[in-house]
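What Swiss-Prot records for H13, H15, K98, D246 is Zn(2+) 1 binding site, and it gives sequence analysis as the kind of evidence. Under the heading substrate binding site, Swiss-Prot lists H15, F16, R17, N41, H135, L218, H250, A262, citing sequence analysis as support. Marked as N6-carboxylysine by Swiss-Prot on the basis of sequence analysis: K98. The annotation Zn(2+) 2 binding site is assigned in Swiss-Prot to K98, H135, H173 on the grounds of sequence analysis. The feature active site is assigned by Swiss-Prot to D246.
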Amino acid sequence: MTQITLLTPDDWHLHFRDGDMLQETVPATARLFQRAIVMPNLLPPVTDAKLASAYRERILAARPEGSSFEPLMTIFLTNDTSKQDIIDAKAAGVVAAKLYPAGATTNSDAAVKGLDALFPIFETMAEIGMLLLVHGEVTESHIDIFDREALFIERNLSRIVDAFPQLKVVFEHITTKEAAEFVTSASDNVAATITPQHLLLNRNDLLVGGVRPHNFCLPVLKRNIHQEALRAAVATGSSKFFLGTDSAPHEKHRKESACGCAGCYSAWSALELYAQVFDDLGVIEKLEGFASTHGPDFYGLPRNTGTVTLVKESWTVPSEIILPNGNPIVPFFAGEEVNWKVKS
């Protein structure tokens, strides 16, 4: 197959950041995606309806002229989140609340330190139909970074899912065989997003031949057996798995430093890279489900009605992009050849 037409896709997990960075990130995503779930880990974090609504307005202001792109807003759960915060957020159009263990990712220091304290919040979310999005890693310093996702399932996620069977849960950016197996065997109220980097790469691509800072993200890339498990999961065509890029921009100097930031900025190449993965797996016909239908179906939202066409044609991802402030950012897969291209 050398051409495929999909219903317009959505991105069910990304980071736009804020300020002048929005002038880069919003158009990059609006290029192909109709909707996106916007992460709330700003400084300060987006913790309530008022902050979410204000952030949404800033995103809308950064859309290209004529764009109908729709940001889907989330709030950041903390130990101070109240039931009323959840009710108010839902009334304001917020679609989900995000659970970050404290210290698990960029700007997550304000996050949850005692999971059981949030159980009444999860109960309210289940009652009113707000989704729970989970960054699934434990964060104790003595636990090996490569083991943190599997331990989170065992200690925390299984408890949440068992205690609240009516709560819709998205296990975000899964990276392990254990996560793929957990989601597959869980109820229909549990799903997962998978990033392009975790389908394309494993930890050798981060560490062999030198440290590759632009492949560094959290959760960190795992060994090959986990990459293969994720590839096998999407190849099944299961509706439990859908597209979430976790596109996460950091300026070049913040990645290429003695203590580099975590995140891959994939918005400019993500759909094309997913197409490459599905083509390599011999299941390109299953890309539309992953990119365009499984996500809205799980969220209870209508599918998009437009289409995007991809053709099998090589192109090279730019080596860097200049941000509105004049600083460069290095996109994911910079300088690499991609085999699928959006038909203009």
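Placement of Cβ uses the backbone N, Cα and C atoms for every residue, glycine included.
Positions of Swiss-Prot features highlighted on the structure.
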residue	record	DSSP (3 states)
H13	Zn(2+) 1 binding site	strand
N41	substrate binding site	coil
K98	Zn(2+) 1 binding site	strand
H135	substrate binding site	coil
H173	Zn(2+) 2 binding site	coil
L218	substrate binding site	coil
D246	Zn(2+) 1 binding site	coil
A262	substrate binding site	coil
Rounded to the nearest Å, what's the C-alpha distance separating H250 (substrate binding site) and H173 (Zn(2+) 2 binding site)? Just drop the number here, would you? 18
Taking 10 A as the limit, how many CB atoms besides its own sit near the CB of H250 (substrate binding site)? 24
Fewest neighbouring Cβ atoms within 10 Å among the binding-site residues H13, R17, H173 goes to R17
Given the Zn(2+) 1 site residues H13, H15, K98, D246, which other residues of that chain have a Cβ within 8 Å of the mean position of their Cβ atoms, reported in sequence order? L14, I37, V38, M39, N41, L133, H135, E172, H173, G244, A248
Neighbour count (Cβ, 10 Å) for K98 (Zn(2+) 1 binding site): 26
Starting from H173 (Zn(2+) 2 binding site), work out which of the binding-site residues listed here (H13, F16, L218, D246, A262) have their Cα within 10 Å, and give them in sequence order. H13, L218, D246
Measuring Cα to Cα, how many Å separate N41 (substrate binding site) from H13 (Zn(2+) 1 binding site)? 12
Spatial neighbours of H135 (substrate binding site) among the binding-site residues H13, H15, K98, D246, defined as Cα within 10 A: which are they? K98
Minimum Cα separation from L218 (substrate binding site), reported as the residue among binding-site residues H13, H15, K98, D246 that achieves it: D246
Neighbour-count leader, CB within 10 A, binding-site residues: L218, A262: L218
